[in-house]
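Enquirer: Next up is a structure, given as structure tokens.
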């Protein structure tokens, strides 16, 4: 199963909106076939592994990181393929999280006389698909907030100048983070000040090992109440862009101009503090976004944090001080110590001279916080 | 020599104002005697090691982390002791940094027919005594700035509330940092807001291994132009306190009241930005302060940084966000990216859930910055 999980990771930049899945067909210690899902619409992991194993699959064991599908989608059901190949035993890491289909694939296998074992390395396998699992369960994507800051907690000078705070290794890491994401969200102020493209650039992606090449750009999303995004903005070039504006702005000239350029307009609620993030995330779930990356200024970033909507904070810290006039890490208007946000450090590593921390909100992990 | 350096570290909390020194007497691989300097006025490392070796020292090799002293101070010269014991060879890590005595101890040994080798593990040995070496060369102490902050770069709420940002492991580490220091400097605003004692508390010091127990409290220093420190302040209890005020404030009632309580008054220059730090450091050098720890608010901390007077920044970061209204890491009124301060990370470790970084200014280490 560990090998199947390893194979599944090869699809980390390419399977969306499908989950990352790996499969190994083995008899004892002898591996007969290996497969992983590469791209939506292409063969599933089980089919690829069975095809490699050929007639040897008869009587063998299949290790699959996710419950085999039992329905006709863009490809025939994998449960059927396993039955037809005559495998004797199927070991699965986790059941399908979609409540309407969960367990059906396993039942089909059992009905065909195959021995089924479930829950092997379940937690490790779950890390493959945090977004797919969350979207199936809650209808919303997994939210990663990325912040690049100095050690004194500043993301830019007061003027907005921010090139470059972090080093080349960190920026290449951000490229891989973008490539893993289904969509990248920013705010119109960032568009106006920085004019970022928010694309994945293959030549900056670094070594992706045996992973399948990214097959498309992530969706680009702009929170922009009054449709102020300039038609010349770099973010509008080279891929699908969704604009989240107010219902009132939908019919205005600027919005219609952007629509004519191919931008998809979405009317959502707005309040003083900004866009209604709950509505926005629901809409992204409907669009099939599993993993959302937020690369935004202090206000939008602060909104996600204050509303408890961040699943992971990826904080890149450069060993510099930008000074006390610079822009804050996130706009969080706290007055009292008890309002502070507590994080769990789940990963801490060095990237060139920078430090990258992956943090999760402490309240969301009661088991871990109990040992603190 | 590595063993001698290890022994010297045992004096890290206790030798001031003397340097930390270790000595091993050996014949081939056989260690005959070991010693380290424990406290000023007590036996030097060489004498202790020779005493342990006894008559076996004749014909042996002495490894010493610092050039043996050649003059009568509070104890007789160690060069004489090595000659009298009949050692055949002396291996030294570094010469005495004091230009008026440097090399004399080694010359005395050579004159007595002893083979001398110099410069073995010189850089490792230099780390034992950054303050002693700097003070001998420049007349000023080694300056360590300690800052405890949140990941969003805040050291307190706007109200000044700051208990506790970092965890117990970090606070115990700060106790050990204080114990290593000859003096601790803070500003009067910190005294007025936090009322810290800035003492070393043995029960919070944690495990100090084989190190000699700290024998006294570090000097406490207050930058306080108008002598506003309240006579009831905790910092005035339990040890020597120096106040650095303006020349004009020296003769005022509040200053004289503090003097009557045993506080030593020092008149130094002040400008709009605060105390004249160069004058202050010169005065501390005269007082025999090798290693100064600055535990101050954003203004005093910022002054040391802006003037390039920080030798090491010890940054303790807790995995929390205190919000964008909180007090900054250091007051640094930069407008342009090119004003940014760049640091080299010389040590990065986890303390409980916190991270401790030891940083040195990049400009002071041209050899290292060249490979960046």
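Yeah, the Cβs are placed from backbone N, Cα and C, and that goes for glycine too.
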Enquirer: Going by the NADP(+) site in TrEMBL, where B:164, B:190, B:194, B:297, B:298, B:299, B:300, B:301, B:302, B:303 are listed, which of the candidates B:148, B:179, B:211, B:227 is also part of it?
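Expert: Among the candidates, TrEMBL records only B:148 at this NADP(+) site.
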Enquirer: Cβ within 8 angstroms of the Cβ centroid of B:44, B:69, B:78: which residues besides those meet this for the Zn(2+) site?
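Expert: After dropping the recorded site residues, what remains is B:21, B:45, B:46, B:47, B:68, B:75, B:76, B:77, B:79, B:81, B:105.
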Enquirer: Of B:44, B:69, B:78, which is closest to residue B:295 (substrate binding site) if I measure between C-alpha atoms? They're all binding-site residues.
Expert: B:44
Enquirer: DSSP-wise, what's the residue breakdown of the domain 'CMP/dCMP-type deaminase' (B:1-117) into helix, strand and coil?
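Expert: Within the domain 'CMP/dCMP-type deaminase' (B:1-117) the tally stands at 37 helix, 28 strand, 52 coil.
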Enquirer: Taking the Cα atoms as reference points, how far is residue B:162 (substrate binding site) from residue B:44 (Zn(2+) binding site) in Å?
Expert: 43
Enquirer: At the level of the C-alpha atoms, what whole-angstrom distance separates residue B:201 (substrate binding site) and residue B:44 (Zn(2+) binding site)?
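Expert: Per the Cα atoms, residue B:201 (substrate binding site) and residue B:44 (Zn(2+) binding site) stand 27 Å apart.
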Enquirer: What does the structure give for the C-alpha distance between residue B:178 (substrate binding site) and residue B:46 (active site, proton donor)? Integer Å is fine.
Expert: 28
Enquirer: Per DSSP, to which secondary structure element type does residue B:178 (substrate binding site) belong, with helix, strand and coil as the options?
Expert: helix
Enquirer: Grab the pLDDT values for the domain 'CMP/dCMP-type deaminase' (B:1-117) and give me their mean, rounded.
Expert: 92
